[in-house]
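Novice: Before we start, here is the structure in question, set down as structure tokens.
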Amino acid sequence: METQRASLCLGRWSLWLLLLGLVVPSASAQALSYREAVLRAVDRLNEQSSEANLYRLLELDQPPKADEDPGTPKPVSFTVKETVCPRPTWRPPELCDFKENGRVKQCVGTVTLNPSNDPLDINCDEIQSVGRFRRLRKKTRKRLKKIGKVLKWIPPIVGSIPLGCG
């Protein structure tokens with residue numbers, strides 16, 4: 001009789017814990033904002049860089065139109081600038097001042113808003129002068145338009161691929 005009561009009580013606690021787990025979303029399961037995803041991409045850029053100083057987000061271009069799926073790659077375009085913080089300190093770049101006459105890079109590619117996925121395909125080119133900057137921005141916008149067009153076609157293509165044996 002005592003074991004039945006203990007088992008029933010344990011079952012109730014298990015049910016409560018299960019319901020609590022379903023109701024309270026975990027922090028890792030929540031989608032990132034567009035800006036947060038770009039900041040993660042900048043962090044990744046700093047991790048993979050062999051340069052002496054950290055880079056920090058200087059300018060973020062307009063986000064793409066809203067897409068409900070956080071796992072879908074989103075086209076992104078942003079500019080980073082070299083800071084005064086040396087890379088080995090691993091200080092958060094947001095706390096670092098921009099370096100006077102520091103390098104500026106224009107970055108394009110795709111990111112996902114799903115925090116469990118790493119940023120995808122980010123390429124950065126150093127900006128040399130104002131004239132080149134304008135040309136680079138034009139190229140960047142063209143690349144983003146192409147990426148956006150390709151991403152629009154992915155769901156219909158994937159949906160038309162037969163997955164079963166027959």
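Each residue, glycine too, has its Cβ placed from N, Cα and C.
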Novice: Do you know which of C85, C124 Swiss-Prot records in a disulfide with C96?
Specialist: C85
Novice: According to DSSP, which of helix, strand or coil covers C96 (disulfide bond)?
Specialist: coil
Novice: Cα-Cα, whole number of Å: C124 (disulfide bond) versus C96 (disulfide bond)?
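Specialist: Each residue's Cα considered, C124 (disulfide bond) and C96 (disulfide bond) end up 20 Å apart.
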Novice: Taking just the CA atoms, what is the gap between C96 (disulfide bond) and C107 (disulfide bond) in Å?
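Specialist: Just about 20 Å between their Cα atoms.
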